[in-house]
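*Asks:* Pasting a structure here, questions to come.
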Amino acid sequence: MISDNVKKGVIRSPNRALLKACGYSDEDMEKPFIGVVNSFTEVVPGHIHLKTLSEAVKHGVYANGGTPFEFNTIGICDGIAMGHEGMKYSLPSREIIADAVESMARAHGFDGLVLIPTCDKIVPGMIMGALRLNIPFIVVTGGPMLPGEFQGKKCELISLFEGVGEYQVGKITEEELKSIEECACPGAGSCAGLYTANSMACLTEALGLSLPMCATIHAVDAQKVRIAKKTGSKIVDLVKEDVKPTDILTKEAFENAILVDLALGGSTNTTLHIPAIANEIENKFITLDDFDRLSNEVPHIASIKPGGEHYMIDLHNAGGIPAVLNVLKGKIRDTKTVDGRSTLEIAESVKYINYDVIRKVEAPVHETAGLRVLKGNLAPNGCVVKIGAVNPKMYKHDGPAKVYNSEDEAISAILGGKIVEGDVIVIRYEGPSGGPGMREMLSPTSAICGMGLDDSVALITDGRFSGGSRGPCIGHVSPEAAAGGVIAAIENGDIIKIDMIGKEINVDLDESVIKERLSKLDEFEPKIKKGYLSRYSRLVSSADEGAVLK
């Protein structure tokens with residue numbers, strides 16, 4: 001065992017003494033050491049309940065003959081960080097989490113890990129760190145939040161973000177907005193729709209890294225405690241059998257995750273996180289081109305918020321990810337999982353599917369997959385749109401650019417009534433390096449939707465979007481403005497041509513004009529001169545490469 005390097009032999013007497021100071025016995029030190037990676041925090045609703053899950057995991061580890069050691073990572077709430085400088089730290093925190101998991105597990109000689117994340121960057125960050133070690137690990141995600149209810153209708157956090165736009169145009173009163181605020185988030189869990197946190201939980205299960213149904217069991221459900229305990233027991237088996245993550249995470253496993261993502265219409269942020277996870281196995285193992293290629297294999301089969309009327313609780317009650325795998329079994333590759341059964345065996349074991357929520361492939365919500373990669377002179381390396389959450393009338397759109405060099409400028413313009421039907425809002429210098437940190441543009445997109453402009457106004461950016469964004473929002477434009485991408489050359493009034501069916505995005509300018517404009521631009525000056533974001537800005541790769549540190 002790896003932990004023998006910490007605990008075996010006369011020379012390790014000082015090491016054992018320190019462990020005994022923590023309450024561990026000689027008997028404990030004969031067993032596999034299992035790191036239990038928690039991300040509990042009192043700031044994030046998706047993480048406020050994770051102490052209960054970590055205790056359940058540790059019970060499972062003990063019961064099956066392992067010795068658990070709990071430690072924590074950070075966890076940032078994108079919703080609380082949204083709309084201000086704090087959002088610049090959200091995506092970069094993924095790399096801090098990965099480094100923390102790698103450092104703690106390697107330094108203390110753990111034989112296996114149980115990862116307990118919930119929210120957006122914490123899920124991929126923990127997986128990335130664990131993959132660097134290539135020791136057995138299982139993920140038990142914290143689970144979705146239940147939706148709230150306002151005046152007889154379900155609501156959740158995005159209802160509030162869009163409510164701000166509705167208030168600005170007089171659709172609702174401040175009192176009504178306050179009433180929604182009181183009930184939109186009723187308790188623990190990740191936000192109730194298929195936003196980034198829940199998208200990543202679903203893809204983690206599809207990758208084979210979580211036990212079946214884990215992704216959709218809700219935070220307040222006792223089933224979550226039971227599956228946490230089962231996960232703790234299972235990791236001891238994986239350590240004894242030496243089942244490494246690279247035995248599970250084959251190219252085919254990543255393709256399964258992408259197929260599920262495309263079929264469900266997951267968050268566009270998955271196109272950052274899945275390549276970043278794969279990059280820990282092999283450089284450019286998975287790229288945007290894989291998302292593009294696989295989008296031809298599956299339709300959009302589930303109408304879940306923000307692209308539909310259902311919530312995560314509906315997906316769970318419809319059969320969860322095993323049911324999705326069952327519906328897609330003609331496309332799914334047969335791969336290993338931490339459960340011990342193969343992906344197709346799990347799919348075949350499903351006894352019930354609600355086809356009103358998880359549609360059959362022959363009767364989908366949309367014929368096209370839920371995510372789409374666009375390329376053209378505006379984004380030679382690609383950009384991404386959640387087409388499953390776009391009004392079909394906006395699949396093709398030509399319009400004049402309204403250009404803003406930050407999210408803050410754009411929000412002021414939107415709320416100030418400076419955007420009219422037909423416009424294409426361009427928000428630039430918000431990419432991984434330029435932002436820095438690639439902020440999510442949920443505030444502007446929600447304002448557009450709340451004001452009723454989402455079927456007539458498009459938004460493109462080298463930043464990214466919340467999983468809760470809907471409408472014709474095209475993000476991750478690569479190369480970014482700070483790297484001299486074409487988006488830096490766009491001027492007010494330039495015609496932007498968007499064709500989501502043809503997978504194209506272009507600015508209607510001759511190449512010579514683009515080159516001339518780019519040649520006249522001043523060299524990009526980093527916005528932040530010290531601290532973590534300064535280092536991040538210098539080291540981060542492009543969005544089309546997963547925004548990983550070089």
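Here the Cβ of each residue, glycine as well, is placed from N, Cα and C on the backbone.
This is the feature table in Swiss-Prot:
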- S466: active site, proton acceptor (ACT_SITE)
- D78, D120, K121, E440: Mg(2+) binding site (BINDING)
- C119, C191: [2Fe-2S] cluster binding site (BINDING)
- K121: N6-carboxylysine (MOD_RES)
*Asks:* Check D78 (Mg(2+) binding site) against DSSP and tell me helix, strand or coil, would you?
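*Replies:* Assignment for D78 (Mg(2+) binding site) reads helix.
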*Asks:* Going by DSSP, is E440 (Mg(2+) binding site) sitting in a helix, a strand, or coil?
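*Replies:* Note: E440 (Mg(2+) binding site) is in a strand by DSSP.
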*Asks:* Can you tell me the CA-to-CA distance separating the residue listed as 'active site, proton acceptor' and C119 ([2Fe-2S] cluster binding site), as a whole number of Å?
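*Replies:* Pair distance, Cα basis, whole Å: 12 Å.
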*Asks:* Taking DSSP three-state, what's C119 ([2Fe-2S] cluster binding site) in: helix, strand or coil?
*Replies:* coil
*Asks:* Check C191 ([2Fe-2S] cluster binding site) against DSSP and tell me helix, strand or coil, would you?
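*Replies:* Coil, per DSSP.
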*Asks:* What's the CA-CA gap between C191 ([2Fe-2S] cluster binding site) and D120 (Mg(2+) binding site) in angstrom, rounded?
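*Replies:* Taking the Cα atoms only, C191 ([2Fe-2S] cluster binding site) lies 10 Å from D120 (Mg(2+) binding site).
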*Asks:* List, in sequence order, the same-chain residues at least six positions removed whose CB sits under 8 Å from that of K121 (Mg(2+) binding site)?
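*Replies:* Looking at Cβ-Cβ distances below 8 Å from K121 (Mg(2+) binding site), excluding near sequence neighbours, one finds I76, D78, S90, L91, S93, R94, I97, H273.
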*Asks:* Would you mind listing, in sequence order, the residues at least six apart from E440 (Mg(2+) binding site) in the same chain with a Cβ closer than 8 Å to its Cβ?
*Replies:* D78, M82, M87, S90, G463, R464, F465, S466, S469
*Asks:* Setting D78, D120, K121, E440 aside, what same-chain residues sit with their Cβ within 8 Å of the center of the Cβ atoms that define the Mg(2+) site, listed in sequence order?
*Replies:* I76, A81, M87, S90, L91, C119, T196, A197, N269, S466
*Asks:* What are the sequence-distant neighbours of D120 (Mg(2+) binding site), meaning same chain, six or more residues apart, C-beta distance under 8 angstroms?
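*Replies:* Looking at Cβ-Cβ distances below 8 Å from D120 (Mg(2+) binding site), excluding near sequence neighbours, one finds D78, S90, Y195, T196, A197, M200, N269, G467.
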*Asks:* If one looks at the chain holding C119 ([2Fe-2S] cluster binding site), which residues at least 6 apart in sequence have a CB under 8 angstroms from its CB?
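*Replies:* Counting only residues 6 or more apart in sequence, the Cβ neighbours of C119 ([2Fe-2S] cluster binding site) under 8 Å are V44, G46, H47, G75, I76, C77, D78, G142, S190, T196, A197.
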